[in-house]
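Here the structure comes first, spelled out in structure tokens, and everything after it is commentary.
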Amino acid sequence: MIEVPPFWCPLPIAIHPAADQAEKDARAWAERYGVRLRIADQVQPGRLGAYWAPHGTYEGMLAVGCWNFWAFAFDDHLDEPLPLDVPVTTSLVQQAVDIPSPPITDDPWAAGAQAVFNMFRDLATPTQVRYCADNHRRWLHGACWRHSNHVNRRLPPLAEYIPLRMQDAAAQATCLIAVLIGSDISVPEQEMDSPRVRALLETASWTATIDSDLHSFQLEDTQRPVSQHIVSVLMHERGIGVDEALRQSVALRDRFMTRFLHLQQECARTGSSELARFAHTLGYVISGYLQWAVDTSRYGQTEATFSFTDTPRDDTPEPPPGIPSVEWLWTL
């Protein structure tokens with residue numbers, strides 16, 4: 001049995017009191033739009049939305065759960081088996097995200113994407129929706145990169161993997177949808193577009209991305225000839241075994257978490273009240289994902305075990321070596 005090193009997460013965990021109802025309503029929404037998630041009973045995407053937006057309105061939290069249903073199902077569609085039309089499919093979906101009407105009826109993926117973003121439009125400001133749509137586009141761009149790597153049986157170098165895997169994991173889209181839509185937080189644009197807030201979002205996104213990689217790497221290894229995740233990338237690039245790659249993955253993840261915690265405190269201390277709420281609520285995306293992963297069996301086919309620790313493996317307040325694209329996160 002492969003043991004994943006313990007996860008360090010000094011962030012609060014909470015869940016919306018209407019989590020069970022949201023799961024039922026999100027599932028009904030998915031069925032209405034023909035969104036089929038094979039393991040919905042185990043995954044419970046609506047409940048995940050309740051972890052991400054524990055203090056949001058019911059409508060906002062439900063909208064996040066509906067997007068989770070659609071996104072999990074769509075991600076599975078892109079992966080198993082690898083379809084050859086990924087660039088076409090992702091382009092049509094993003095077009096549907098950007099166009100609120102007329103209703104799309106000839107493609108269930110596009111129809112579902114349009115419908116859920118129309119839910120966002122009913123709940124949020126145009127600026128909030130734009131941030132979500134722009135980062136949704138980044139996700140689908142990253143999915144095309146991953147698809148090309150799988151088709152060509154290619155493992156990318158670490159310096160390439162770090163920025164592009166964050167897109168492919170939908171990490172920034174997830175964070176923004178969970179916080180802006182689920183909790184109805186509207187940070188002034190001047191603050192939202194600042195380098196410091198961008199760094200806050202990226203460090204949260206990368207922490208969550210590595211958590212996702214660590215939870216799923218064994219399952220993916222059984223399903224693809226060349227599996228692409230942080231563990232396999234480190235093994236390939238550094239010529240190390242799986243145990244050492246896991247240790248290095250967790251150390252890298254904890255360094256991102258350390259930087260996120262510093263930026264979270266700084267934004268809460270020096271920013272607007274909405275930025276303070278944004279920074280605090282981002283923490284629920286990280287902690288909520290971990291608790292949801294423990295609760296569900298999405299990755300139950302693996303033989304990995306998961307535990308938690310109060311001590312980071314690496315809390316060095318400096319950028320990790322060999323990844324130029326993230327050095328700026330430590331210069332602010």
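Cβ coordinates come from backbone N, Cα and C, glycine included.
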What range among 212-220, 302-310, 320-328 does Swiss-Prot record as motif 'SXXXSXXXE motif'? 212-220
If you look at how Swiss-Prot annotates this chain, which of 75-80, 189-194, 243-248 comes out as motif 'DDXXXE motif'? 75-80
A correct count of other C-beta atoms within 10 Å of the C-beta of R165 (substrate binding site) gives 24
Protein Cβ atoms within 10 Å of D75 (Mg(2+) 1 binding site), excluding its own: 16
Within 10 angstroms of the C-beta of S216 (Mg(2+) 3 binding site), the count of other C-beta atoms across all shown chains comes to 19
